[in-house]
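*Asks:* Right, I'll just put the structure down here and ask away after.
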Amino acid sequence: MLLESDIPVKEIMSTSIIGISPDDPADIAARRMSRHDVGNLIVMEDKKAIGIVTEEDFVRKIVAKNFLPRSVKIRDIMTSSLITISPNADVISAMEIMFKRNIRRLPVVSDGELVGIITFRDILSISPELNRILIDMIKINDIYLVERKKEKEIIQGKCDKCGSFSQSLNEYDGMLICDDCYDALF
């Protein structure tokens, strides 16, 4: 009997892949995403996946910069370093990659050919067990992000390590330290 965590990606991935050319304008891509009710398009050139464009790309690279979508080419906003997974990998591996890379979808590639895509939504739909694992991973990730934020807050004052005055102290391991001492830790 397969546990939900042993389910291969190919069992829950979507094989319906919506593509776009890198030379198409962003307004065409947005309409295609809307028409197909998807949050991403795979960028295809000569029948090969060369990138991905997501809703977030539109917000950060077009809307936030007040660009006209029809004047922006997909190649200028796409992510060209595709992070992929094998169809035989288990869904836990897919979740781990998504968390480590801070992405919500993974193209599925077999023998160099794009065969599908798996999303967080796909994973969430299969099992209460995986939902619990996912919630635990989110909590761990949130704790990590909060700790990283604490480490990077900037405060003025005397460095607890070298004693010099600094305009930008960093909180680290219960101490306030200057940038030089902070950099020396790593």
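Note: Cβ is positioned from N, Cα and C throughout, glycine not excepted.
Quick paste of what TrEMBL says about this protein:
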BINDING   C159, C162, C178, C181  Zn(2+) binding site
BINDING   C159, C162, C178, C181  Fe cation binding site
DOMAIN    13-70  domain 'CBS'
DOMAIN    78-133  domain 'CBS'
DOMAIN    154-186  domain 'ACP-type MB'
*Asks:* For Zn(2+), what surrounds C159, C162, C178, C181 with a Cβ no more than 8 Å from their Cβ centroid?
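*Replies:* Residues close to the Zn(2+) site, other than C159, C162, C178, C181: D160, K161, G163, S164, S166, L169, I177, D179, D180, Y182.
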*Asks:* So for C159 (Zn(2+) binding site), how many other CB atoms are inside 10 Å of its CB?
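*Replies:* If we count other Cβ atoms within 10 Å of C159 (Zn(2+) binding site), we arrive at 19.
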*Asks:* Pull the DSSP breakdown for the domain 'ACP-type MB' (154-186) and write it out as helix, strand, coil residue counts.
*Replies:* 7 helix, 16 strand, 10 coil
*Asks:* What residues, ordered by sequence, lie under 8 A Cβ-to-Cβ from C178 (Zn(2+) binding site) and sit at least six positions away in the same chain?
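*Replies:* Correct list: C159, K161, C162, S164, S166, S168, L169, N170.
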*Asks:* Of all the binding-site residues given, C162, C181, which has the fewest Cβ neighbours within 10 Å once its own Cβ is left out?
*Replies:* C162
